[in-house]
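The feature region 'Disordered' is assigned by TrEMBL to 1-59. Look at TrEMBL and you will find 35-53 tagged as compositional bias 'Low complexity'. Look at TrEMBL and you will find 70-154 tagged as domain 'Nucleoporin POM152 N-terminal transmembrane'. Summarising the annotation, TrEMBL assigns domain 'Nucleoporin POM152 first Ig-like' to 206-315. If you look up TrEMBL, you'll see 458-562, 768-854, 1166-1255 marked as domain 'Nucleoporin POM152 Ig-like'. The domain 'Nucleoporin POM152 immunoglobulin-like' annotation in TrEMBL covers 566-668, 885-973. As annotated by TrEMBL, domain 'Nucleoporin POM152 ninth Ig-like' applies to 1083-1160.
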Amino acid sequence: MSETPRQRTGGFPQTPGTAAANGRKAPINPPTPPSTTSSRVNRSSSLPLAPESAPRRNPSEPLIPLTLLDGPQQRFYAAATYALLWAYKLYDYSAVVRDDEISVWLFLKWVLIDFAFLFGLPELRIPWLELSQSTVLTVWAIQSFVNWLLMFNVGFPLQPWILGLAKVFYDREISVSEQSVKVSSILHNHSLIMGKQIINILPEGSAVLNFEQTPFCLGSGGRDVAKLPIQFNSTVPAEIELVRIDLQTDQEEIIKLSKKEVNKIARGIKELMTDSSPVVHTVDLPVKKTGIYRLKKVLDEYKLEVQRNTKDTYVVPCPQAKFRTLDASGRCIRDLSDLLVDVVGTPPLKIVYSRTVNGKDRSFHFQSLQPDDYSSPLLGSPSAPLVLAEEKDISWVKPRAVEVRLNETLGVSGQWQYAVDEVQDGFGNLQRYAEPGEDADFHPRPKHLVRNFEVKERPQARLKGCDLRNPLKVAKGKATELPISFTLPGRTPEDTSHTITWDFSPIDTLTNSGEHGDHVSIGSYTATNSHDKPSVSAPGLYTLKSISARSCDGEIQEPSSCLLLNPLEPSFSIRAEEIPDKCAGNSVGLRVDLDLTGTPPFSIHYEVVHRDRVRAETVYIEGLRHQFDLLPKEAGHHKYVFKQISDAIYKKQHLAGSDMVLEQDVKPAASAIIEHPTGVLSACLEEQVEVDILLLGDPPFSLEWEIVHDGKRKSEKVTGIDASRYKIKTAPFAKGGDHILALSSIQDKTGCRTYLNDELKISVRRQRPRAAFGMIENKRKVMAVQDAKIDLPLRLQGEAPWTIAYRNVDGSGGLLQKVARNGNDVITVTSKGVYEIIDVSDSQCPGTIDPQASNFEVDWFPRPEISIVSSEGISTAPSGFVKRDVCEGDIDGFEVGLQGSPPYHVEYEVRHKPLHGSGSMTRKEFDAALNRAAIAMDTSRAGEYTYQFFALADNLYNSDRNFRPLQVQQRVNAKPSAAFVKPGQSFKYCKQEQENEDKIPITLNGVAPFYVELEIKHHGATVPETYRIPSINSNSHGIQIPRQHLQLGIQHVRIREVRDAKGCQQRYDMHAPSVQVHLYDAPAIYPLESREDFCVGERIAYTLSGTPPFEVWYDFQGQQRKAKSQTTNFRRIAETPGEFTITSVSDKASECRASVNLTKTIHPLPAVKMSQGRVTRVDIHEGNEVEMLFEFWGTPPFEFTYTRSTNAKKGQKSVVLETRHDVSYEHSKVVRTSQEGTYEVVAIKDRFCSFSTQQVAERKDQKLLRG
């Protein structure tokens, strides 16, 4: 399934963690050519890796787990980070050198970066990079010293080398066209010297078939034609013959290309030779048959035989693979996959297949598949040289069929798929059926390459609720469900049908130990779902044997045996005896004894028949014996018929026979019963009570009873009662308390007196209910807020609930009713007046009213009021009051008067309507403890203000909806304002006044004319200077400060005061916004070189005087451009030719622009093309000549140098044989030569400039050449 692990070659040895991680991965080797098979086997490790125990993290392990990044990768990333930091550091150093300055900031920056990297590296605990603290400290100190050398621009011997290395990574400068250009692209402009002439003396030609030994196959995947490459070297073929050896018959076939095909090949070679003069040409020869091909004969156009390589080219049938076994619908878990794959091709074969389980894909491969006793040179076996020596033995090339068995344990349930991904033969021909990562849903594979099946879970079954200790008990002839619990592990499918089998032994065939005997039968049942269970009725032992579901056999779990029993049917026997009356000797009932058999508990249903009336009765019995009495209340003949009996197993078993019937004649003694459900009766004082008595026996009756109270008994008797009911009516009760009415005796027609013990308790109230008003603060009068709810306290006596009738004497006089639930309840009222209680009654008895506390008075507090206190400056108006006008920011206010119960809460709103724009409204409130309060008026913004008091509350009342608002109006005039249009802006002026100088713009708000006062504070001066503008007639103004008020340098100008025509003024504090005014001298620019002619690639440099940064305006190629310089040096590299003229210069500090006229002329570099700028190849025979054309661009005369070198060969360098120098006064020149070699120009020079491919790497700047 996998290859032998190989020792990793090259690099560092693996760390233990890396080796363990790599050992856990299953290697999937890519297809290898046959020639490397043996060498890879020789490098294989002789011993497998030992199994690694479960990794346990300890403090010495790397911070980044080795499973995420192994040791070599972590070391690589650390080294790469270190190299990037050095590259960035050299970039900063090049900027320091270019500007010729020192940088303390860069020094501190790199010291901190090196510290973070070097001291953070050991914390990562990377294997082999765990540096000690002393080592890190030493390296950091060395790098800090190097940082000092670099960032302080200290010269040292290696400085030119470091600068050269930095130029390799970053070599860009600003050109005269204000673009960042790469200097090396200008200096190393290969377009200046183009073209090369290669003269080759033709050697003897050759032809090679399949020079790269590419494998070919035919037969599948659209491979109907194989194109065999034939390489012709320095020859044009005229005749081509090949030999094909058939793989099946071993017969040789001569293939001779027709004259038409050969001419087509020759014509194509000649056309290519005309365009590019190539030496080697390749043509493809299509073939449609398998076999072994080799070149037999090739003749050139001179009919001479061309040298040829006799290596064989193998065209074999493409390898194929398919499943042999049919597609199975499903398998069970823990089964074997049992699949066969037939692989056909030239051994050794390799097959790659994928196994997908529930959507998770994993690939596997078999390699070196070959039949038994198979020998082939592709295997590197000991017999391979013998096979190669015998040329006619080609049996190893023929395709063979190999059987591959896939027999794996199916350990996971779900959807499984086996698919063949690719197959490869021994020559390396690859047949790929699916691309890596390809979705099988969009590109389904043929059926013979895929096998799909479902692996199903095995069912489980056991008995639930029944075992040998807890048998099933079922009535005879009745069936019950066998309690089988069916489960399927994992997700339950929709189809849960299953088949279960069991062993059954009748109850009388079981052994003494309760096991199955000799008579065992097998039962089975097919259930439609998991809740479907088999029904059984025969008593005996049932033992589950097997279960199967969805064609999978399952597992029987314990308990698996169940005992089914049929208990005895319930029955009983009756014994009865009469119960005699002690006075008359008559029977008054029966005492019945029952003896039962069956399974308790029992229930016996019987009927009582008396005077053609039938009454059903039931008796419940918990045991096997029971006794109960039948005592009828009425005299006469009574018949008892027992109808049904039920026990725990059998239900409603019918009874019959004379022994199930009892009869008796009963004459019970006389009796009397008080008909009252509770035995307690409540009564009021001076109230009669009536009590109903039920009489039993033969009339007429004589009844005696007595009433007991406070230890006194009063007996009463009545005779001659003919009815079965009698009503006792007591005398009115004059005293409260508990009175007992007890029945003493009764006598009926027989004359037998029966003593009675039934009695009734009569509770008589000791007092009548009473009602009165309670007091609030020791009086029956209350003052309250108007319309508030007031609870008038009640004092009630009696039993709840009470019903009270009352009225408001000052109101309409109608009666009101209140139901009180407790003795201290309240009456809630919302109107003022005098309230009077009229009547009261409790839950049972009427009551009385206390005349001294029957009235209660309710009254209201007065509401609060507000008014304006008159003063100077306040006048009345139709809408309220008007306060005189004030200026914005002035302090003003007024007072209000309050009446009511302090403290007061006043709410008012302030409406502001500005002179322009929409208005606003603010709600305010305040609390006042006195009858007068001061209101501060808002003057922070200009406009019309309206103060409206809309809510007033005091200690008693909240604001009233009917409150009449109070309104005060005032007009606030706006303060004038003055502000700079752009505060904080800097204005730059030159010492000499210039045209179109900027003015300091200000905006003013208010009523014109305005008076403005400015404060000018000079840099370094202690006392500011004041500049006044007396009259400004508009709302915007541009200030131009005279030069006598300014000094060289910086001065701050701010607005101190502004005043308008209404007399309102505004002063600004010291921190008000200001502007800066800079007074400068004009800058200047000077060239560093006095010459006026420059070449492309040279640098034009100037020096600037003034305050950096500078802006330089110049004309180049007729276009005005502007450049910036952050230092006093201005340098541009000449990218293209043209006139470079600096017209003016200004610095950023002053923006004073000085006009200049400095002109430099940039000349183009000379250019030369050889062979029209192309690399041409000319094949000549010995003694012929070739003309070489040189074309020049630039300013004549031209001097050029060219070389003749050896023609380049593979693995060898070209060597310069000679160098020649020549002069041309025209733009072209022709030179003739007959010597073999490669001719190319290495240097060119015109009147002004020169360019050389040999010296451009050594010099930094081009020098002007003067002719």
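Using the three backbone atoms N, Cα and C, a Cβ is placed for every residue, glycine included.
Residue counts for the domain 'Nucleoporin POM152 immunoglobulin-like' (885-973) under DSSP, helix first, then strand, then coil, are 0 helix, 52 strand, 37 coil. Here the domain 'Nucleoporin POM152 first Ig-like' (206-315) has a mean pLDDT of 84 out of 100. Helix, strand and coil counts under DSSP for the domain 'Nucleoporin POM152 Ig-like' (768-854) come to 3 helix, 46 strand, 38 coil. In terms of DSSP secondary structure, the domain 'Nucleoporin POM152 Ig-like' (1166-1255) contains 3 helix, 53 strand, 34 coil. When DSSP labels each residue, the domain 'Nucleoporin POM152 first Ig-like' (206-315) comes out as 18 helix, 54 strand, 38 coil, counted as helix, strand and coil in that order.
Across the range of the domain 'Nucleoporin POM152 N-terminal transmembrane' (70-154), the DSSP-based residue counts are 68 helix, 0 strand, 17 coil.
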